[in-house]
Structure formats: C-alpha cells, structure tokens
Amino acid sequence: MDILQDLESRGLIHQTTDRERLEKHLQNNQVTLYCGFDPTADSLHIGHLVPLTMLKRFQQAGHKPIALVGGGTGMIGDPSGRSSERSLNAPEVVHGFTSKLQQQIAKLVDMESNASENTVVARNNHDWLGNMTIIDFLRDAGKHFGINYMLAKESVSARIEQGITFTEFSYMILQSLDYLKLYEEENCTLQIGGSDQWGNITAGMELIRRSRENLDENIEVFGLTVPLITKADGTKFGKTAGNAIWLDASKTSPYEFYQFWFNTDDRDVIRFIRYFTFLSVEEITELEKEVETQPEKRVAQKRLAEEMTKTVHDEAALEQAKRITNALFSGDIKQLNVEEVEQAFKDVPNHIITREPVGLIDLLVDAKISSSKRQAREDVKNGAIYINGERVQDMNYHVEEKDHLGNKFTVVRRGKKKYFLIQVESIS
C-alpha cells in the first residue's frame with residue numbers, strides 16, 4: 001500500500017491537487033514536503049497532532065518532511081477559519097513561542113533520533129520573512145497576486161462582511177513565499193495542512209509557477225489537506241470542559257491527556273485510532289470488533305489513550321497516568337506520590353489547613369465539603385466521607401499528620417465522585 005492509499009484508508013485526505021499526478025510523483029521520487037505551524041501559544045495542542053503525524057507517515061514512507069515554524073507569519077496571524085482578527089503578540093513573545101514549538105516538534109517527530117537522509121528538517125520562516133523589505137515584498141511577491149484572485153479565497157471572502165485588515169489580507173502572500181522559498185532551497189514540492197489551508201496552499205503553488213515561469217524547468221508542485229476533526233456528539237474536538245488539551249505536560253498533565261483519549265465516544269474511537277496512531281489495519285480491525293461486541297470494556301479507548309500518551313509524552317508518563325487512573329478506580333489513593341496527587345486532583349476544590357490536628361466535622365464545613373455541621377454529621381454517619389480512599393464513620397475523627405500524603409495533601413471524597421484536595425500548610 002503506497003502512502004496516499006494508506007492515508008485514504010485512514011480517512012486522512014480531504015483534498016489534493018491533481019491526485020493522479022501526485023500519486024505518480026510520490027511513487028517515482030523521494031519527495032520533500034512541508035507543513036507549517038504558527039506560534040500562537042507556548043505549546044502545540046492536540047489539533048496539531050494530525051499534521052505532525054502526517055509528517056511522520058511521509059517520513060516512514062521514505063520521503064523528506066520539513067516542519068516549518070512560523071516565526072515570521074506568527075507575527076501577523078492567519079485569518080483562515082476565524083471570524084475576527086487575532087490580537088498581535090509582541091515580537092519577543094512570538095520568538096519565545098517559536099522556540100518552544102521547535103523543541104516540541106523535535107521531540108514529537110524524532111528529529112534528533114538519527115542522521116538518515118530523510119530525517120525531519122526544522123525551519124523557521126522568520127529567517128527569510130524577517131529580513132524582507134516592503135519593496136521586495138511588493139515587487140517580488142505582490143505583483144503575482146491579483147486582488148480578485150485573493151478575494152475569491154475562502155479565508156478572505158469569509159471575512160469581507162465583518163472586515164479584514166491589510167495585515168491579515170497579506171497573510172496568504174507570506175505563506176506563499178514560504179512554499180516558494182522551500183521549493184527553491186529544498187526542492188520542496190508538496191505542502192500539507194488542515195482543510196482551512198487550501199486557499200493558502202494553492203496560492204503558494206501559483207506563486208511558484210508565476211515567479212519561475214520564464215525559467216526552463218518542469219514545475220511540479222502539489223497540495224494536500226487533512227479533514228477537520230469532528231466529534232459524533234457535535235462538541236468541538238480538542239477541548240474538555242472548555243479547556244484546550246495541550247501537548248506540554250505543564251499545561252495538560254499526562255493523566256489529563258490520557259483521560260481525554262480514554263473518554264472518547266464509542267462512535268469516534270476507531271476513527272481517531274486511524275487518524276492519530278500508527279496501528280496496522282489488522283490491529284484496528286480487531287479493536288473495531290471489540291467496540292461492536294464489548295463496548296463496556298473500552299478496549300479501543302484504552303489502546304488509543306496508551307498510544308497517544310506514549311507518543312506525546314513517554315512510557316514513564318503513560319505508566320504514571322495509568323497508575324493514577326487505577327488508584328481513582330479502586331479508591332486506593334495512598335499508593336500515589338505527591339506529583340501524582342497533584343495531577344489527579346488539579347481541578348478539584350481545595351482548602352488549606354495548618355499542621356495541627358483538625359476535627360473531621362469542622363474540616364468538612366470549613367472546606368465547604370458539607371453545607372453545615374448537621375449535614376457533616378449525617379455524611380459521616382451515612383458512610384459518605386472518605387479520607388485518602390478509606391471510609392471514615394467516626395464523628396470524633398481528627399485529620400492529622402498520618403493522613404497527610406507526602407506530608408502535603410489529604411484527599412477527601414464525598415459520595416462516589418466528589419473529590420476535595422486538602423493542602424497542608426508548608427513549613428516556613
């Protein structure tokens with residue numbers, strides 16, 4: 001199975017330019033391709049994983065991928081898929097974001113793993129866009145773009161009524177210059193991107209043809225886009241409780257990351273396995289059978305969560321995420337270390353206490369776990385209160401040093417799922 005057939009079988013092709021010629025081009029050549037990532041934050045998020053894994057799929061098929069970080073275009077902001085203009089970040093902020101994204105991408109696509117001839121190459125478009133004068137921009141690029149041609153592109157036409165600035169209007173030309181630069185310097189003949197990038201990609205192809213039409217060369221350049229990732233329930237992919245799922249462990253912990261994938265809907269899980277993992281067709285078919293016959297076991301979700309956590313983080317982070325998951329399922333909170341407790345209960349209500357012993361009834365009221373002392377006594381009496389996973393029904397119980405996990409936390413649970421994190425005041 002060639003690379004395009006594999007991508008098609010996984011549902012990863014939204015559009016291509018001249019599919020037949022592209023197929024022959026890939027079969028007959030070691031093709032250099034690129035995908036761009038603008039530094040709009042200090043981390044990539046899971047929406048970037050499809051294009052990142054696409055680079056890796058092409059690499060495994062013997063081609064030469066380039067990961068282009070938009071240190072230059074990130075100063076401007078892509079209007080594609082947006083209803084309003086982005087706020088411009090300060091140059092030093094964009095430079096900082098660029099550096100962090102380069103580090104993340106290097107880790108995710110194993111840039112430093114070997115020195116083979118198709119190792120993923122990293123580039124930063126600030127290297128050429130940052131030094132371009134306005135005269136060069138208008139003479140060398142602007143003259144090849146008709147206004148009507150640009151207005152017809154969806155990224156622009158969708159914004160005409162709301163209004164679009166010249167800054168964002170020009171973004172298409174800047175991205176086109178990237179393709180031209182990589183074509184000239186790296187013999188790059190394929191650009192890939194999200195479905196919202198189609199207009200920018202085809203504009204880049206047009207710039208290459210027009211700027212080099214007087215040269216005696218056979219110009220073959222192509223574009224390929226991946227589909228917008230959707231969810232069966234209609235909610236936005238890549239967010240949970242309104243928060244983005246980041247690839248940086250300090251922004252989204254490996255446990256949260258694991259749980260995001262583990263909670264995938266049965267209707268989505270096989271599609272996501274095809275999109276995001278490198279599992280074989282045979283393995284995916286077996287997992288599909290599991291979803292159909294034993295959905296309650298969540299075998300496919302577990303495999304998806306394991307593959308993604310291992311890929312984005314590492315084996316140790318995966319084991320940690322699984323340990324937290326098992327501890328919460330079994331109620332054995334005491335097996336977790338301090339870091340794991342912080343990961344597991346990062347978003348639950350918290351309360352700070354001193355190191356002095358505190359009566360359980362008072363603690364339940366002070367931490368707003370129970371609404372009143374009367375309610376607190378009822379909760380304890382009815383067996384609804386757990387300290388570090390163990391039920392406590394003693395009205396006179398005091399939370400003290402032995403209950404402080406790692407000398408730092410006590411986890412209180414009310415009922416089946418309502419957790420509270422009690423933080424012990426640090427010794428000054």
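Just so it is clear, glycine is given a Cβ too, placed from its N, Cα and C backbone atoms.
Summarising the annotation, Swiss-Prot assigns L-tyrosine binding site to Tyr34, Tyr171, Gln175. Same-chain residues at least 6 positions away in sequence with a Cβ under 8 Å from that of Gln175 (L-tyrosine binding site) are, in sequence order, Gly36, Thr73, Asp78, Asn200, Ala203, Gly204.
Taking DSSP states H, G and I as helix and E and B as strand, the motif ''HIGH' region' (39-48) has 3 helix, 1 strand, 6 coil. Residues or ranges marked as motif ''HIGH' region' by Swiss-Prot: 39-48.
If you look at the motif ''KMSKS' region' (236-240), the same-chain residues 6 or more away from its ends with a CB under 8 A from one of its CBs are 45-47, 229-230, 256, 260, 263. The motif ''KMSKS' region' annotation in Swiss-Prot covers 236-240.
According to Swiss-Prot, the feature ATP binding site maps to Lys239. Under a cutoff of 8 A between CB atoms, and with a sequence separation of 6+ in the same chain, the neighbours of Lys239 (ATP binding site) are Ile245.
Residues or ranges marked as domain 'S4 RNA-binding' by Swiss-Prot: 358-424.
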Listed in sequence order, residues with CB under 8 A of Tyr171 (L-tyrosine binding site) and six or more positions away: Thr73, Ile76, Gly77, Asp78, Pro79, Ser155, Asn200
What are the sequence-distant neighbours of Tyr34 (L-tyrosine binding site), meaning same chain, six or more residues apart, C-beta distance under 8 angstroms? Pro65, Ile66, Ala67, Leu68, Arg123, Asp178, Tyr179, Leu182, Glu186, Cys188, Leu190, Gln191, Ile192
Need the DSSP three-state call for Gln175 (L-tyrosine binding site) to compare against my parser. helix
For the domain 'S4 RNA-binding' (358-424), give the DSSP counts of helix residues, strand residues and coil residues. 19 helix, 23 strand, 25 coil
